[in-house]
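Have a look at the structure below before the remarks.
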Amino acid sequence: MMWGAGRSMAWFSAGSGSVNVSIDPAEEPTGPATLLPSPRAWDVVLCISGTLVSCENALVVAIIVGTPAFRAPMFLLVGSLAVADLLAGLGLVLHFAADFCIGSPEMSLVLVGVLATAFTASIGSLLAITVDRYLSLYNALTYYSETTVTRTYVMLALVWVGALGLGLVPVLAWNCRDGLTTCGVVYPLSKNHLVVLAIVFFMVFGIMLQLYAQICRIVCRHAQQIALQRHLLPASHYVATRKGIATLAVVLGAFAACWLPFTVYCLLGDANSPPLYTYLTLLPATYNSMINPVIYAFRNQDVQKVLWAICCCCSTSKIPFRSRSPSDV
């Protein structure tokens, strides 16, 4: 992906002190003789990352869709996350093709909108999963009810409507194709649009941080109550609780490590920022879509059973599934 300005500019703004216009659209040759830009090493890396992300999440989507037992609210949320990450992976691959194989700036613009939608939906789905985990512990007695299913559909609708809104904005109007000085670090997204996306991320991250803190308090309180009822040694429930809290810390830490660098850079950078910095911060963000299937799907024992059945060419209809809470996902 070319991160400069002009017709061949795809995502990144380039330059060191001034906007780099590599090709003047008025002087650009037309027809079959038009030369396509050559991909750089990091363009290829992003394309490969997109391919891996697509394969992983396509497997998760296929498992959830093809297994009737996976119709619980928690799997609907995990499925939404997998669809969003699958869309992000496909967007990265198709964006590479649009820039270096087809050379279509219109298609490139649409795909940037698709990527904005996909990544926003991915982050929103993570928030929905966190909310579901919290409610499953806070309202454990009433969690398995029709209200939970309705709430899940409402959360998914809000996530995807909001993501579509933020993704369609640059495609329909709010972009910097006609005014490069208003560009942010990701062409053709304007600086103001990137600021809005960054604010949305920090709001989501803050809510997730607060919810995970509440989850840790609930888990510690439940562990103490169970230990008292079963007359367990304090050390035994302390080890189990510490393990659970460590898992939550890893989940939240991975999310922050993947997205914080790019989000902060979107706020601090502008059209004159070196494109390499955008690649270096965007790549970890794509890795979040790569590790989400591992954290939220492949760790689940029921999903593992289906995977083993697929590998052994066995039917999944006879697999004994057990009821699990969202905190297990």
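Cβ coordinates are placed from backbone N, Cα and C, and glycine is handled just like the others.
Annotation comment: Swiss-Prot describes ASN20 as N-linked glycosylation site.
All chains included, 8 other C-beta atoms sit within 10 angstroms of the C-beta of CYS312 (S-palmitoyl cysteine). Residues or ranges marked as S-palmitoyl cysteine by Swiss-Prot: CYS312.
Under the heading phosphoserine, Swiss-Prot lists SER323 (among others).
Per Swiss-Prot, phosphoserine is recorded for SER325 (among others).
What Swiss-Prot lists as phosphoserine is SER327 (among others).
Per Swiss-Prot, topological domain 'Extracellular' is recorded for 1-43 (among others).
Annotated topological domain 'Cytoplasmic' per Swiss-Prot: 65-73 (among others), in sequence order, evidence recorded as sequence analysis.
Per Swiss-Prot, the feature topological domain 'Extracellular' maps to 95-108 (among others).
According to DSSP, the secondary structure content of the topological domain 'Cytoplasmic' (130-153) in residues is 17 helix, 0 strand, 7 coil. What Swiss-Prot lists as topological domain 'Cytoplasmic' is 130-153 (among others), and the listing cites sequence analysis.
Taken through DSSP, the topological domain 'Extracellular' (175-192) splits into 5 helix, 3 strand, 10 coil. Residues or ranges marked as topological domain 'Extracellular' in Swiss-Prot: 175-192 (among others).
What Swiss-Prot lists as topological domain 'Cytoplasmic' is 214-247 (among others), and the listing cites sequence analysis.
Residues or ranges marked as topological domain 'Extracellular' in Swiss-Prot: 269-277 (among others).
Residues or ranges marked as topological domain 'Cytoplasmic' in Swiss-Prot (evidence: sequence analysis): 299-329 (among others).
The transmembrane segment annotation in Swiss-Prot covers 44-64 (among others).
Positions annotated as transmembrane segment by Swiss-Prot, on the basis of sequence analysis: 74-94 (among others).
Per Swiss-Prot, the feature transmembrane segment maps to 109-129 (among others); the stated evidence is sequence analysis. Away from its own ends, the transmembrane segment (109-129) comes close to residues 11, 74, 77-78, 80-81, 83-85, 87-88, 91-92, 94-95, 98, 152, 155-156, 158-160, 162-164, 166-171, 175, 177, 186, 188-189, 197, 200-201, 204, 207-208, 255, 259, 285, 288-289, 292, 296, 326, 329 of its chain (Cβ-Cβ under 8 Å, at least six residues beyond either end).
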**OP:** Helix, strand, coil: count each for the residues of the topological domain 'Extracellular' (95-108), based on DSSP.
**Re:** 12 helix, 0 strand, 2 coil
**OP:** Six or more residues out from either end of the transmembrane segment (248-268), which same-chain residues have a Cβ under 8 Å from its Cβ atoms?
**Re:** 123, 126, 184-186, 194-195, 197-198, 201-202, 205, 208-209, 212, 215-216, 277-278, 280-282, 284-285, 287-288, 291, 295
Original post:
What mean pLDDT score does the topological domain 'Extracellular' (175-192) have in the model?
Top reply: 79
